[in-house]
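Report on the structure given below.
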Amino acid sequence: MAPDRPLPDRARDRVSERGHEAAEQVRDKVRDVAEDVKPKLRGWLHAGTAPLALAAGIVLLVLSPTVTTRVGSAIFAGTALLLFAVSAIYHRGTWSPRAMAFLRRFDHSNIFLLIAGSYTPFTLILLEDPERTALLAIVWTGAVLGVLFRIFWSHAPRWIYTPIYVALGWVAIFYAGDLGSGGPAVTTLLVVGGGLYTVGGLVYGLKKPDPFPTWFGFHEVFHTLTIAAFVCHYVAASIATYSLR
């Protein structure tokens, strides 16, 4: 019997490429099955929060006293509404694999946008140039890069992209002195909100705690924490904005 000949490089590459494609398809099917077995409350928390975020955003925008505060309020409210609405659509619907992949990318990308959107009103109100421009450039550049990362590597493991969310969220530490000029209430709410987002990120990354998997699992805990964090930051933004009236 003649010895086996090694595959040419081109053929070996084709085999490897097909193997990767097959692995991707298996991963997609596993995720789709997992989505079908989702807790009963999956998506409902954000579905209920979306219209409230819209109403709260309108109030903040209408009562904003200056053009600068209106811009900050609009960006903050807009990114929050986008996150809650898309999350609700993604998690509540039954979608084709292609639509599911698109909504997953959209949903995960919105987290980066909300982080930058949450920074915007406080940066515009509490910071002066050049710190104002620098912080906005950092967080929005980070958000754009994060969006591209989630679009082009949608299957990245949680332990890679979750810390990126947290790191971008805590860039504020380097501007703590300036952000603290909003007063103790604003500072406390910013820190508490950031802490809630961070704990939510840990719950999402670790998939624990998972209290009631059939109706209120770890993902619902994560969503609850994001809502509480948004409320903290909304109240802080309202205080900082209305102080200029």
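Every residue gets a Cβ built from N, Cα and C, even glycine.
Database features, via TrEMBL:
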BINDING   HIS91, HIS219, HIS223  Zn(2+) binding site
REGION    1-26  region 'Disordered'
TRANSMEM  44-64  transmembrane segment
TRANSMEM  71-90  transmembrane segment
TRANSMEM  110-127  transmembrane segment
TRANSMEM  134-153  transmembrane segment
TRANSMEM  159-177  transmembrane segment
TRANSMEM  189-206  transmembrane segment
TRANSMEM  221-244  transmembrane segment
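Here the features listed in TrEMBL are placed on the structure.
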residue	record	Cβ neighbours (10 Å)
HIS91	Zn(2+) binding site	22
HIS219	Zn(2+) binding site	20
HIS223	Zn(2+) binding site	25
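Between the transmembrane segment (71-90) and the transmembrane segment (134-153), the number of CB pairs under 8 angstroms, six or more residues apart, is fewer than three, so the stretches are not in contact. Contact between the transmembrane segment (44-64) and the transmembrane segment (221-244) is present: at least three CB pairs lie under 8 Å, with pairs separated by 6 or more positions in sequence. Within the chain, the transmembrane segment (221-244) has long-range Cβ neighbours (under 8 A, six or more residues past its boundaries) at 45-46, 49, 53, 56, 60, 63-66, 69, 72-73, 76, 80, 87, 114, 118, 121-122, 125-126, 182-183, 185-186, 189-190, 192-197, 199-201, 203-204, 209-211. Same-chain residues with CB within 8 A of the center of the HIS91, HIS219, HIS223 CB atoms, the Zn(2+) site residues themselves not counted, are ARG42, GLY43, LEU45, HIS46, SER87, GLU220, PHE222. Under the three-state DSSP scheme, HIS91 (Zn(2+) binding site) falls in the helix class. Long-range contacts of the transmembrane segment (134-153) within the same chain: residues 105, 108-109, 111-113, 115-116, 119-120, 123-124, 127, 161, 164-165, 168, 171, 175, each at least 6 residues beyond the stretch ends and with a Cβ under 8 Å from a Cβ of the stretch. HIS219 (Zn(2+) binding site) falls within a helical segment according to DSSP.
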